[in-house]
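Colleague: Dropping the structure in here first, questions after.
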């Protein structure tokens, strides 16, 4: 089993030894409740770096709904066993007081890319993400950090953060891992009922159908409206957004030209699912 480190001091001591030996360090930031998507990130890090740290921290600052924070699954023993199978070198699993000690007063906010989509529906969420990620980069002194493309907006926020603050870490975006029926892997999926789980792939299927329609010449607003209707018809309670944007997310696309990203968030069984695909 990989050692589970609880304090920044323990982590820094270990990383200092690795750096002194000239070894490269990769980090995979997670909130635990690990699944094959997370493990694929750890394997990618394992292949690219001499040493791999997986962080497990349920970050209270990125939950704008306290009930969601309480419901978030915490499965550390199971997570550690999964990470042992991948061969990570250390798990960093601090408590909230270690990450945000008494007197902590700094908030990192990335303008622009953090504002639409998730930012509009979850105020403050990306401030919490940016703050904890900046701290984790400082704590781990990582050379490379691995993030899933499933959270595309988060990936764009982290890239902007690193570029703007000259943080010396390379951000690696890794392809979304999906179930056989197309559903993007997510820790939230375990909260779906059996019926909800069967309905859930309708989200990505509607997105794929819209993509094909737009590539075939259908007007973007019409294709998106049909996709939204299909998601609701499949049993989803709400669709927060279903938008075509430039890959950097800064601008909505009214017509299909250049690289775009189709992004969606919808609620099923009271569980909010997000997904995105390239267009």
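Keep in mind that glycine also has a Cβ here, set from the backbone N, Cα and C atoms.
In case it's useful when we look at the structure, here is the feature table from Swiss-Prot:
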type     : residues                     : note
BINDING  : 31-38, 148-151, 177, 185-188 : ATP binding site
ACT_SITE : 38                           : active site, proton donor
BINDING  : 62, 154                      : (R)-pantoate binding site
BINDING  : 62                           : beta-alanine binding site
Colleague: Pop the Cα-Cα gap between residue 62 ((R)-pantoate binding site) and residue 177 (ATP binding site) into the table, whole Å please.
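Modeller: With distance taken Cα to Cα, residue 62 ((R)-pantoate binding site) is 23 Å from residue 177 (ATP binding site).
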Colleague: Using C-alpha positions only, work out which of the recorded positions 34, 37, 38, 187 is nearest to residue 62 ((R)-pantoate binding site).
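Modeller: That would be 187, the closest of 34, 37, 38, 187 to residue 62 ((R)-pantoate binding site).
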Colleague: I'd like to know which of the binding-site residues 31, 34, 177 has the most other Cβ atoms within 10 Å of its Cβ.
Modeller: 34
Colleague: Could you check the binding-site residues 62, 154, 187 and say which one's CB has the fewest neighbouring CB atoms inside 10 Å?
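Modeller: It is 187 that, of the binding-site residues 62, 154, 187, has the fewest other Cβ atoms within 10 Å.
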Colleague: Including all protein chains displayed, how many Cβ atoms other than that of residue 149 (ATP binding site) lie within 10 Å of its Cβ?
Modeller: 18
Colleague: Could you state the CA-to-CA distance between residue 187 (ATP binding site) and residue 38 (active site, proton donor) to the nearest Å?
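Modeller: Checking the Cα atoms of residue 187 (ATP binding site) and residue 38 (active site, proton donor) gives a distance of 10 Å.
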Colleague: Here are some recorded positions: 37, 38. Which one has the most Cβ atoms within 10 Å of its Cβ?
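Modeller: Of 37, 38, the one with the most crowded Cβ is 38.
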Colleague: If you measure residue 149 (ATP binding site) to residue 38 (active site, proton donor) at Cα, how many Å is it?
Modeller: 11
Colleague: Any idea what the Cα distance is from residue 31 (ATP binding site) over to residue 38 (active site, proton donor), rounded to a whole Å?
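Modeller: Pair distance, Cα basis, whole Å: 10 Å.
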